[in-house]
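Trainee: Structure provided below as structure tokens; questions to follow.
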Amino acid sequence: MHAAGLAAPAGTPRLRKWPSKRRVPGSQPSMADPHQFFDDTSSAPSRGYGGQPSPGGMGYSSPSASHEAAFLADPMSNMAMAYGSSLAAQGKQLVDKNIDRFIPVTKLKYYFAVDTVYVGKKLGLLVFPYLHQDWEVQYQQDTPVAPRFDINAPDLYIPAMAFITYILVAGLALGTQDRFSPDLLGLQASSALAWLTLEVVAILLSLYLVTVNTDLTTIDLVAFLGYKYVGMIGGVLVGLLFGKIGYYLVLGWCCVSIFVFMIRTLRLKILAQAAAEGVPVRGARNQLRMYLTMAVAAAQPLLMYWLTFHLVR
């Protein structure tokens, strides 16, 4: 058999094998198959007609963006926003204007206008008031000066800090006696606060019944009645260190001091106003005012002992 016999006939066309085309993911549109009708969009981001990527991701603008733009372009919406802003501003002004009716923020700022020098001098006056001569509160254009400029002016910083310190010292005293409990400490705090509230209400009622026209405010009463916690703290601390003898000595001194302090302070607020009204010194109404001043001053030592005697053993 000849080799030529194995060859294909001359008239038969030879089949040519074309290389297979594979689809490469992520290929650019310019390299796509010419026989492919659509571009491969499985990996490349879709583009709009202008060739720029659209925010919506589908060749169209985002619905939310279009709605926001339409809302801002609407004149009615602009008017509504401006009206709402004006209402908010008017509401804020109304609250700032009428807040003093419920919470006297401006007055409270006055009572906390203190400094370190004032606090030191005031504490010394509370412990040793016997040599102090001028008890008049200073005024500037019918307005009392800030406490940091006048040692006779009442403040709320010392009473507030003294009340908190008294509760902490009471907890310390109960802990040294193995009697501490959160309930007992809360009872101590609520009892002291209840007595202070009862004092203020009783004094205001008494001033109303005696018909005393005075510039003594409720905040002034809270400040003056809160000064007794300073002596209570000293008595309990000394009692913890030196026993009951030290407690009675220090507390007795502080009780006499607060009695003198309250007499000399309140008589200018109650009796001086009566003298300015032309009430006779020996008149019956003036006698009631004097008795009221003495009663308020005498109640301070009693409450100082009542709120501290069980803390020292």
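The backbone N, Cα and C atoms fix where each Cβ goes, glycine too.
These figures come from a predicted structure and were not determined experimentally.
Feature list, courtesy of TrEMBL:
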type     : residues : note
COMPBIAS : 14-24    : compositional bias 'Basic residues'
COMPBIAS : 48-59    : compositional bias 'Gly residues'
REGION   : 1-62     : region 'Disordered'
TRANSMEM : 156-175  : transmembrane segment
TRANSMEM : 187-209  : transmembrane segment
TRANSMEM : 221-242  : transmembrane segment
TRANSMEM : 248-267  : transmembrane segment
TRANSMEM : 288-307  : transmembrane segment
Trainee: Could you tell me what the rest of the chain brings near the transmembrane segment (221-242), counting residues at least six beyond its ends with Cβ under 8 Å?
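Mentor: For the transmembrane segment (221-242), the list is 111, 123, 126-127, 154-156, 158-160, 162-163, 165-166, 169-170, 172-173, 176, 192, 196, 199-200, 203-204, 249-251, 253-255, 257-258, 261-262, 265-266, 300, 303-304, 307-308, 311-312.
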Trainee: Out of 156-175, 248-267, 288-307, which stretch has the largest tally of CB pairs under 8 angstroms to the transmembrane segment (187-209)?
Mentor: 288-307
Trainee: For the transmembrane segment (156-175), could you work out the same-chain residues 6 or more beyond its ends whose Cβ comes under 8 Å from its Cβ atoms?
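Mentor: Distant Cβ neighbours of the transmembrane segment (156-175) are 108, 111-112, 114, 119, 122-123, 126, 147, 181, 184-185, 188-189, 192-193, 219, 222-223, 225-227, 229-230, 232-233, 236-237, 239-240, 307, 311-312.
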Trainee: Apart from its near flanks, which chain residues at least 6 from the ends of the transmembrane segment (248-267) lie with a Cβ under 8 angstroms of it?
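Mentor: Same-chain residues near the transmembrane segment (248-267) but 6 or more away: 125-130, 132, 135, 152, 216, 224, 227-228, 230-232, 234-235, 238-239, 290, 293-294, 296-298, 300-301, 304-305, 308.
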